[in-house]
Amino acid sequence: MEDTTFFPVTSQSDRIARETGETIRTTPTPPSRWAYNATLLLLGLGLGVFVALPIVDGTQSELHVTGGLAMFVGSVTGLVGTYLALLMVILASRMPALERVLGQGGVIHWHRKLAPWPILLILAHAIFLTLSYAEAAKTGVLSEVGVVVNTFPHLLSATIGLGIMVLIGIISVPQIRRNISRENWWILHLLMYVALAISFAHELALGPSFVKHPLTQIVWIGGWLIAVALIVIFRIGVPIYRTVRHQLRVAEVHRESEGVVSIVLQGKDLDRLQISGGQFFEWRFLTKGMWWQAHPFTVSAMPKPPYMRLTVKALGDFSSSLSEIKVGTAVAIEGPYGSFTVGASKRPQALLIAGGIGVTAVRALLEEIPLKSRPVVVLRANKESELALVEEITELVKHRKGVVHKLIGKREAVNMAAIVKLVPDMKRRDVFICGPEGFVNQVESIVKRNGVPPEAIHHEAYSI
């Protein structure tokens, strides 16, 4: 087999830099503030159109009947909640144009920020409509629940859909979420799509804002068809195309450090794979017991055709089993994703801080940092034996006239504020932070307190 060693000095960026004095960057352009705000404004206007059209077209008439106010509030909360759910599906599509405008961090931020509201608003929709029916029928609320569910078509399925949403909402509470495996979390997300589909179907069939209002139906059905198309294209179609095109297979598996292995893949046309240092893929290993699971792992070195590499720490059943993956196993990919790249840089020099397996993103990102830029790298681990890719990182930093620091020890024994003394000029640098979520939050707080502006702080937090 050909040499699969990922010597840093053989990177395309370094070769061109030595020959021409310039460093190439394949990194995505950071989102512009104007485009970001314009997109948010457009989505806000969409809310106005999707909600105002049904209200103007028919919902106002509900106010003049018994139970009308509760009916009106129920209709509005249902419309707003369903529109926000529509936005979440569009965000989940990972449409490249949207990620370029909002940035991957922006997409994740808005997805998390919106997440509770569709469930809460659709739950409010059900409560207020039940109150309306009870008031109109002059019966108790609990008895009316049974009447509504058993009498109106589609409401039983809608109630089941609502129950699924509420269940997912409860499980999403951080204290519960952290105990759910990634595989089960993925299944729950698929159930959310089912819940949204059956819930929206009952709106079309029974909702006073939709019945006998064809324009409203066209707008809403069109919006959901677009959202579904985006999911099919970018979460199914594009990954299948890239998987077939690049035909990746496991070429080698070797140990890097305690609990950490690197998996070298061999494929075709990897020079056409538009990836930047610091980005990740969703990897699906097509073998028994693994084929149905896709997991995010960062590429730990820029591709060296026909090879590319990912490095994984054993943190769960899936990642632990990768050390035993057989050579020749086919691999499906989705991505690349992520904005933790030098394309986000605002300044000529950088400070890169990695905690644990966050070292993988820093290792790949270093390849695209310009020569003579004097980067400072801080590596954090509980034990020296847990540090991975140190020799490669040291060599990359050496070629860039920089320095590597190690902070080794148990969490309570290592004061991360020591970074301030190690890098006294951090205010003049871009700061890239990668590692577990708690580590990233702690370090981000420290560098902010020491004068690094938010626009110069870039982070990638690893969590399930």
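Note that Cβ sites are derived from N, Cα and C of the backbone, with glycine treated the same way.
Feature list (source: TrEMBL):
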type: TRANSMEM; residues: 34-56; note: transmembrane segment
type: TRANSMEM; residues: 68-93; note: transmembrane segment
type: TRANSMEM; residues: 114-134; note: transmembrane segment
type: TRANSMEM; residues: 154-173; note: transmembrane segment
type: TRANSMEM; residues: 185-206; note: transmembrane segment
type: TRANSMEM; residues: 218-238; note: transmembrane segment
type: DOMAIN; residues: 243-343; note: domain 'FAD-binding FR-type'
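Under DSSP, the residues of the domain 'FAD-binding FR-type' (243-343) split into helix, strand and coil as follows: 17 helix, 48 strand, 36 coil. It is 114-134 that, among the stretches 34-56, 114-134, 218-238, forms the most Cβ pairs under 8 Å with the transmembrane segment (68-93). Using a Cβ-Cβ cut-off under 8 Å and counting only residues 6 or more beyond its ends in the same chain, the transmembrane segment (34-56) has close neighbours at 75-76, 79-80, 83-84, 86-87, 98, 101-103, 106, 207, 209-210, 213, 215-216, 219-220, 223.
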